[in-house]
Amino acid sequence: MTNLPEHQSSPTEQSSAEVKKIPTMIEGFDDISHGGLPQGRTTLVSGTSGTGKTLFAVQFLYNGITIFNEPGIFVTFEESPQDIIKNALSFGWNLQSLIDQGKLFILDASPDPDGQEVAGDFDLSALIERIQYAIRKYKATRVSIDSVTAVFQQYDAASVVRREIFRLAFRLKQLGVTTIMTTERVDEYGPVARFGVEEFVSDNVVILRNVLEGERRRRTVEILKLRGTTHMKGEYPFTINNGINIFPLGAMRLTQRSSNVRVSSGVKTLDEMCGGGFFKDSIILATGATGTGKTLLVSKFLETGCQQGERALLFAYEESRAQLSRNASSWGIDFEELERRGLLRIICAYPESAGLEDHLQIIKSEIADFKPSRVAIDSLSALARGVSNNAFRQFVIGVTGFAKQEEITGFFTNTTDQFMGSNSITESHISTITDTILLLQYVEIRGEMSRAINVFKMRGSWHDKGIREYVITEKGAEIRDSFRNFEGIISGTPTRISVDEKTELARIAKGMQDLESE
């Protein structure tokens, strides 16, 4: 009987016990798979061209070697070993070093470049023996085969090829190694694989997709099945930068602590309207038409944090660094000085420069590196351009969830299309994700255009219900009294209401008495 590593069990032992899993250490995958891939079994990784199948297979082996010291075998039917080694270097993975150490072996089964015809019946016996010999020689516990589709494309007898691939999968299972087989599919949402590959590798199936949504491509991963064990259902977005990074939004737990500590918005009157300021770990959304003063509120919020010795991080998707600094300077805020002191970091990028998942990865990386107490995004609506509502909502959940996990106060802006009035807070229904909503809008009073601000929502706290006048001066934001004697301001049709003069005079007199008593 083949000697197996101590941490593995034989196939017969596995069948009578709970299915064990080995972690892949691919970021996010072990969360959605509830621990990794079933040990000693073959997993089919299927996807169209360019979805990241080969990368998944290489990363599975690389992490096994570098993290768990588990040797691996990579069988290639498509690319040459030299190309695989070269491509891996772009992710910082030195496969040649692992090969030299005897921890990785790349078995070259790629087609003959001279294109010689194969005579006789198709038979993988020699290849199976080579793989088996390599597994025993290197004491490998992980095997990646990329890709079985290439075998079908080289030979016409699909039924014979299926039989031989089944023999290979069965032999690998006998050896107790955990295997990944990659295969091509024609459509993103069509059959699992070409040539009926899923028929013989049906225990575990993972599907990678690269779908065009709107104007951008979006990568997702779905675990179709892991036989005999649990996993999370549905598609989860991922990016490719330093390897595959999956965002397991459904695995996020609402277990973060809630703070009663208040932080200042930078505008005294707004703090009073919010019952003493924002909660430390809350998410604030300022929403309104363009020019209503959302960026000003963000700037004051960040400046106040920096003045208290806190670090602040601003992600700007509509204005350049120079423009932000110039505008802030007109309000008496020196962003450049705050950056020189290391208290503020500004990241500017066009929304179209990357996909939503890439932006999310950048945001998380910058937060992890800079460790700010306050984070602002100006604006979310810019990132929503050209993507589906579902993808955008998942992005916002990812950002807010990470901010709460790190106990960071987040301040986001959203630009509405409607110039006057408001039918909804946001078009993408993200208002339920936030803790505090500041509604900013234009109102026409006596033939003049004014701005209005209202604390529309604030979880866990009393807040002012009034609709107040919001003025932008050279000193910044100034919030004045409510629009008295007017109704219909939020709907965009303010109407003056009649006032009982006697009652109004009594109210004014009482106000004067209160001031004198103070």
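Including glycine, each Cβ sits where the backbone N, Cα and C put it.
For reference, Swiss-Prot has these:
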ACT_SITE  Glu78  active site, proton acceptor in CI (KaiC 1)
DOMAIN    261-518  domain 'KaiC 2'
BINDING   290-296, Trp331, Arg451, 457-459, Ser461, His463, Lys465  ATP 2 binding site
BINDING   Thr295, Glu318  Mg(2+) 2 binding site
ACT_SITE  Glu318  active site, proton acceptor in CII (KaiC 2)
MOD_RES   Thr432  phosphothreonine
REGION    488-497  region 'A-loop, interacts with KaiA'
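Location within the structure of each feature annotated in Swiss-Prot.
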{"residue": "Glu78", "record": "active site, proton acceptor in CI (KaiC 1)", "Cβ neighbours (10 Å)": "18"}
{"residue": "Thr292", "record": "ATP 2 binding site", "Cβ neighbours (10 Å)": "25"}
{"residue": "Lys294", "record": "ATP 2 binding site", "Cβ neighbours (10 Å)": "23"}
{"residue": "Thr295", "record": "Mg(2+) 2 binding site", "Cβ neighbours (10 Å)": "23"}
{"residue": "Leu296", "record": "ATP 2 binding site", "Cβ neighbours (10 Å)": "22"}
{"residue": "Thr432", "record": "phosphothreonine", "Cβ neighbours (10 Å)": "10"}
{"residue": "Arg451", "record": "ATP 2 binding site", "Cβ neighbours (10 Å)": "20"}
{"residue": "Met458", "record": "ATP 2 binding site", "Cβ neighbours (10 Å)": "20"}
{"residue": "Ser461", "record": "ATP 2 binding site", "Cβ neighbours (10 Å)": "17"}
{"residue": "Lys465", "record": "ATP 2 binding site", "Cβ neighbours (10 Å)": "10"}
Largest tally of Cβ atoms lying within 10 Å of a Cβ, found at which of the binding-site residues Thr290, Glu318: Glu318
Euclidean distance between Cα atoms of the residue listed as 'active site, proton acceptor in CI (KaiC 1)' and Lys294 (ATP 2 binding site), Å: 53
Alpha-carbon spacing, the residue listed as 'active site, proton acceptor in CI (KaiC 1)' to Glu318 (Mg(2+) 2 binding site), which is rounded to whole Å: 44
Nearest of the recorded positions (Thr432, Arg451, Met458, Ser461, Lys465) to Thr295 (Mg(2+) 2 binding site) - Cα to Cα: Arg451
DSSP state at Thr295 (Mg(2+) 2 binding site), helix/strand/coil: helix
